[in-house]
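*Asks:* Before I ask anything, let me first share the structure, which is written out below as structure tokens.
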């Protein structure tokens, strides 16, 4: 934050005519070309090893093209200074975000240190020219420099009237990984001596040694450690701890040592010509655009179509020129609470580095109010101007030099979820923005924070972090360690908070997962069973924590040097993946009345409906409370794991050697299923409920363990003999179960299974209708690949409906549709739509089958693919729009051609991921369905695509 406070500063001659209201004599480009810099005669190229460390695409830092300046028809250098600018906030594509905002602040009359921005188009021309400055550009840069010199009454390289500069990159989109800032450019021995005569030796030579460090590292790629070694050795030899304790004499000596480091590393002396320094810095910024880290950042974030980076050259101002100077950072509103009050820090007689290094503790802004009342009043006025102008909370950096305020930067301020919602609502109430604009001010991640518990003070536990895994499900959890699902349920029944620690979870663990306050797994990715189920329930989860070793037998987990046994306290941060020792204090979800107001605006705008994935009445109620417009996916197989009695009935059905015995088990399951459906219909009174028929492979209902234990348990539960049980297990075993005997294939082979589930749905719907509940059941057939498969199941379902309706003498409306999760189904969607009244894309399996990735095994290679830029996102987290997305669009278009009123949506994990939701909205889908806890996030994403 404060590191950049010192970036934009200027040294002015005491008593100079550089007053607040000073304006340039001319903003127009001069028709006479600026003189060529003296070093331009030095031919050719600076050695390519100057950029080797950053792996720059344009490795040589070339000298200025030795040619007469050529007039260009397109402007490439834009000036800015108080009251007048050649750019504005709308020119981010050309000036970069930083340059556009500097120009905007200057144009509305704020005191901005003057400077100029070299456009992104110039960077593009530089790249196109094979990393050589385009003809005429250097003359334009020198022209811009002369404008700044006239504005400030100071000259680059003049010891009597020294002008120092900062040089910074700035693309249209904020891009960490670009070139760092170069400060104090323009210093050499003569200028440092002149500066020392005016402002003191210590200040001058501290600035010089900082410049040598930054220029050497940032521009010439000399390892910073080489400079730091000299600094540390100097402090040790003097018995000092802090940089500020060094004397002027010490700093002078360091300057000499830093020059020796430069000479040794580059084989040539440090360039003393200030214009040569400026040239090399500009080239370094241009080259940084093609650095590996910048290209990787653009690839990962899908940033395309940009011309390059702009170069911002700005005069320096200093906050460390005595007790009438200082530096600070502030937010125009509290970024934690949203309160309309300035929130920030200020340091007297300091530069930003002092804050970053922790050398001094910053003071509240009230300190500035007391010490520099005139500058403070101007700062408050500027904050009000900027908020009204940008219509957003601003993050502002400023410096006061000898009682004069300089605005260094403004940008939209980062904030917490609670603050984001309050600021959006307050600004509408203040008449500053309209509701549609306010919707854009809150990020989906902000709502995620509001819907989960958080730690009171994350910085307080940093020394207690003992491992870090994947942040699989956000929020915070504090509980006592348990190692089995049964123990988690038992502890929960006793009113204890349990953290379930497993090597990995399975469907049989769902009871314990639901009972636990948090889940920690040794293995598994962001789409593992633990992660997916945790997100459905809004449970905090840290998965794939390779730094832990779980020992179920002894009920202990080893985390580094720590061994935790059952009952010991552990805390999890599901938003960061941190595993924290002990019992850390929690604060409840920060829900407020502002959130309801904000979400009402969201719902007024969006067209895409948002439903929820819910398997129990409690889930359904949570979904409804979070604004779900129905249930888009109710997984019937999850109901079977709800109790020992249910799982035994399922196993009896699986093991039954005859239809008669299988039907007996199904009759028991009918009672359970009917009761569950009644509860869900009741909770969703008046809203549609989509129930998916059994999808799990049969083997997932079998006990875990070695074959002898499985056989023994099955025999005890079902009455089968060991030989029959073993034969049945062998028959159920599959080489690739996720592509095997599951979904509609179960219902086709065992039609009585589909009949039981359909009967439970219709009987529950009739019972609830008789109680005055409005019921809209929709039955979804899973894993369909051909229209014949769907036709088989639809016929069975409609036959059951007719029988149930005839028995009770009453009918209800219902729909039968299918999941589109097999690529073939998407390709023949028109044929399938003849049988289906709705499509719901199961994007989890559709992604799995389209990529040929096993979801259970992607953790072995996806991280490598992401690290190498082969994939930009994990396709199980963020929809693959080019591949899977095209299948979604194709199937939707084909399906609606065959059935124009076809309802289409999705019910995979992507239904709660903001960029995926935006894609589905643009693709014309009718709904998305997601975890109950992500419903507000999907609602917001669906609205933001329209504003």
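Placed from the backbone N, Cα and C atoms, the Cβ positions cover glycine too.
Because the structure is a prediction, the values reported are computed rather than measured.
As annotated by Swiss-Prot, active site, tele-phosphohistidine intermediate applies to 529, with the evidence given as experimental evidence. Residues or ranges marked as active site, proton donor by Swiss-Prot: 907. Positions annotated as substrate binding site by Swiss-Prot: 635, 692, 821, 842, 843, 844, 845. Per Swiss-Prot, the feature Mg(2+) binding site maps to 821, 845; the stated evidence is experimental evidence. Marked as N-acetylalanine by Swiss-Prot on the basis of experimental evidence: 63. For 309, 527, the entry in Swiss-Prot reads phosphothreonine, with the evidence type experimental evidence. According to Swiss-Prot, the phosphoserine annotation covers 506, 528. According to Swiss-Prot, the region 'Disordered' annotation covers 21-54. Marked as transit peptide by Swiss-Prot on the basis of experimental evidence: 1-62.
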*Asks:* Please report how many Å separate the Cα atom of residue 692 (substrate binding site) from that of the residue listed as 'active site, proton donor', as a whole number.
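*Replies:* On Cα coordinates alone, these residues lie 11 Å apart.
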*Asks:* Give the residue from the binding-site residues 635, 692 that has the most other Cβ atoms within 10 Å of its Cβ, counting over every protein chain displayed.
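*Replies:* Output for this query is 692.
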*Asks:* Between residue 843 (substrate binding site) and residue 309 (phosphothreonine), what is the CA-CA distance rounded to a whole number of Å?
*Replies:* 37
*Asks:* When neighbour density is defined as the number of other C-beta atoms within 10 angstroms of a residue's C-beta, which of the binding-site residues 821, 845 has the lowest density?
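*Replies:* Minimum Cβ neighbour count within 10 Å, taken over the binding-site residues 821, 845, occurs at 845.
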*Asks:* Over all pairs in 635, 692, 821, 842, 843, 844, 845, the listed substrate binding residues, work out the largest Cα-Cα distance in Å.
*Replies:* 15
*Asks:* Based on Cα coordinates, which of the following binding-site residues are within 10 Å of residue 907 (active site, proton donor): 635, 842, 844, 845?
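*Replies:* The binding-site residues passing the 10 Å Cα test are 842, 844.
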*Asks:* For a quick check of packing: other C-beta atoms within 10 Å of the C-beta of residue 843 (substrate binding site), how many?
*Replies:* 30
*Asks:* Of these recorded positions, 309, 506, 844, which scores lowest on Cβ atoms within 10 Å?
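*Replies:* Each of the recorded positions 309, 506, 844 was scored; lowest Cβ tally within 10 Å is 506.
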*Asks:* Compared by Cα position, which of the recorded positions 309, 821, 845 is the closest one to residue 506 (phosphoserine)?
*Replies:* 845
*Asks:* Name, in the order they occur in the sequence, the residues of the same chain whose CB lies under 8 A from the CB of residue 842 (substrate binding site) and which sit 6 or more residues away.
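*Replies:* Non-local contacts for residue 842 (substrate binding site): 782, 819, 820, 821, 906, 907, 908.
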*Asks:* Note the Cβ centroid of 635, 692, 821, 842, 843, 844, 845, the recorded substrate site, then list each other residue of that chain whose Cβ lies within 8 Å of it, in sequence.
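*Replies:* What remains near the Cβ centre is 633, 695, 782, 819, 841, 846, 907, 908.
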